[in-house]
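Undergrad: Pasting a structure here, questions to come.
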Ligand SMILES: N[C@H](CCC[C@H](N)C(=O)O)C(=O)O
């Protein structure tokens, strides 16, 4: 079988995008997805995303983590599929699509994609860790000297800790810099490693930075892979709507792979 794909990245979080409007991709073949994402044996990516038709939306996003399992919402992948749909001519300025956590709207403004995220309705403390769901589950922790922090070691121990079983969690380590800016490094579940950036993760960090440290919308985010910003509206205690993840999403290359 030969598969056509396009590789995209959003602040260094990289994805294999497949136009699956014909629904021919064997989506239940977890080993195949894992192999396509493998950086030595495959194309190499943090995840794989199918673009499918949907009767009520411009398109549907089906997202898999690099381990081949279907993941929860992916914010950087969301910006990448919006860019992909735009490149395919599916929409011009604004789009409305369906993802695993429900409806999203988005618009293209030059290099940037403005992606509307799901509303957040709770922020909890679990075993002294701040936890919230922004489409995917996230722990947010503020630390000193993030540059030299052991993100993989500490992230993995929280991700597999009893508190977050059975599903596990993504873990974001954060440090406030000057000017309403937070530096974030994320351990990602499903990749089981640090990624260069995580969209739902930095969204979680921005909301917690507002609550705990009074940062204001739009919060500026620095990741290893580049800069993002998060705009939001506070509607109550632990309640946020009009949450936007804003930043670039770029096509890297296109190819064909025989499996
Ligand atoms: N990289 C993604 C998060 C993927 C979520 C995934 N790791 C999971 O928890 O299933 C993002 O930009 O939001």
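Each residue, glycine too, has its Cβ placed from N, Cα and C.
TrEMBL: automatically predicted annotations, no manual curation.
Feature list, courtesy of TrEMBL:
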- 74: active site, proton donor (ACT_SITE)
- 198: active site, proton acceptor (ACT_SITE)
- 13, 65, 75, 76, 170, 188, 189, 199, 200: substrate binding site (BINDING)
Undergrad: Three states by DSSP: which one describes residue 189 (substrate binding site)?
TA: coil
Undergrad: With DSSP assignments reduced to helix, strand and coil, which class does residue 74 (active site, proton donor) get?
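TA: Going by the DSSP assignment, residue 74 (active site, proton donor) belongs to neither helix nor strand, so it counts as coil.
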Undergrad: With an 8 Å cut-off on Cβ distance to the 13, 65, 75, 76, 170, 188, 189, 199, 200 Cβ center, who else from the chain surrounds the substrate site?
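TA: Near the substrate site, beyond 13, 65, 75, 76, 170, 188, 189, 199, 200, sit 46, 47, 71, 74, 77, 136, 186, 191, 195, 198, 201.
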Undergrad: Enumerate same-chain residues with a sequence separation of six or more from residue 189 (substrate binding site) and a Cβ-Cβ distance below 8 A; give 'none' if the list is empty.
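TA: For residue 189 (substrate binding site), the qualifying residues are 65, 136, 137, 159, 168, 169, 170.
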Undergrad: For the substrate binding site, please report the maximum Cα-Cα distance among 13, 65, 75, 76, 170, 188, 189, 199, 200 in Å.
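TA: Among the residues the record ties to substrate, max Cα distance equals 15 Å.
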Undergrad: Cβ neighbours within 10 Å, counted over all protein chains: which one of the binding-site residues 13, 170 has the most?
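TA: Counting Cβ neighbours within 10 Å, the top one is 13.
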Undergrad: If you count Cβ atoms within 10 Å of the Cβ of residue 75 (substrate binding site), leaving out that atom itself, what do you get?
TA: 30
Undergrad: Taking every protein chain shown into account, which of the active-site residues 74, 198 has the largest tally of Cβ atoms within 10 Å of its Cβ?
TA: 198
Undergrad: Take the C-alpha atoms of the residue listed as 'active site, proton acceptor' and residue 75 (substrate binding site) and report the distance between them in angstrom, rounded.
TA: 7
Undergrad: Determine, to the nearest whole angstrom, how far the Cα atom of the residue listed as 'active site, proton donor' is from the Cα atom of residue 200 (substrate binding site).
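TA: The residue listed as 'active site, proton donor' and residue 200 (substrate binding site) have their Cα atoms 6 Å apart.
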Undergrad: At a 10 Å cut-off from the C-beta of residue 200 (substrate binding site), count the other C-beta atoms across all protein chains.
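TA: There are 30 such Cβ atoms around residue 200 (substrate binding site).
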